[in-house]
Every structure is written in structure tokens, then in C-alpha cells.
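Enquirer: Have a look at this one.
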Amino acid sequence: MSMWKTVVPILATIFAAGQCGMPGGWQDADIHSEAVLSALNYAVAQHNRDNQADASLHKVVQIVSAQTQVVAGINYEIVVKLGRTNCQKGEIYQCTFRVWSCPWLNDIHVTKKKCLKPSLNSP
């Protein structure tokens with residue numbers, strides 16, 4: 001009987017990890033969810049503020065992927081294709097933004113940004 005007191009919790013933990021993912025691990029996220037879009041909007045606005053020397057703003061052309069990670073708050077890692085708002089050449093940047101959000105403290109920060117050079121691709 002005492003063996004079951006040990007085995008059942010272990011099996012339950014393994015099953016839960018398989019269903020929900022490892023705590024602290026990255027999980028695929030719905031690219032259309034309000035939380036992902038909010039984090040993305042914040043990241044793009046910050047990107048545009050950081051690039052004020054550029055005469056044009058950047059806008060999202062395509063969301064490639066999104067993942068979340070539960071930490072002391074939530075990390076969002078979002079891969080997007082950005083285009084310039086007034087560019088006719090079709091220059092597309094692929095950017096990865098990592099945004100940390102702590103809604104209960106009303107706090108949000110871009111913690112990582114990596115953009116690849118523009119390519120002449122269609123979205």
C-alpha cells in the first residue's frame with residue numbers, strides 16, 4: 001500500500017508535465033490571443049521609439065510564431081516580419097522580440113530584440 005502512495009504522485013506529475021509542459025518552459029501560444037498581441041504592440045511601439053532617426057515607422061506584416069514562458073510574470077517571445085510604413089520596395093525585416101510582462105504590477109519591458117537585415121521578399 002505504501003508503494004502506491006509514492007507511485008501515484010509521481011505518475012500524476014509525469015502526466016501533468018506532459019499535458020501542460022514543464023513549469024518555466026516555453027509553450028507555443030496563439031498568435032491571435034489578446035495577451036500576445038498586446039505584448040507585440042508594445043514591442044513594435046518600443047522598436048519605433050528606439051529608431052526615431054529612421055524617417056518611417058515599422059508595422060507588422062506577419063506574425064511568424066509566439067511562445068510564452070511563466071516566470072515571475074510572463075515572457076513572450078514573438079517572431080514577426082516588419083515592413084516600413086512608407087516603403088514601396090517590399091523590404092521586410094524579421095524580428096524576434098522578447099517581452100516580459102507582469103500584469104498585477106502593471107509592468108512591461110522589452111528584454112530582447114533581434115532584427116535581421118531587410119530582404120526583398122513578399123510577406
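Backbone N, Cα and C define each Cβ position, glycine as well.
Curation does not apply to TrEMBL; its annotations are automatic.
Grabbed the feature section from TrEMBL, which reads as follows:
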- 1-20: signal peptide (SIGNAL)
- 21-116: domain 'Cystatin' (DOMAIN)
Enquirer: Which whole-number mean pLDDT does the model give the domain 'Cystatin' (21-116)?
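Expert: 91, rounded to a whole number.
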Enquirer: Determine how many residues of the domain 'Cystatin' (21-116) DSSP places in helix, in strand and in coil.
Expert: 20 helix, 49 strand, 27 coil
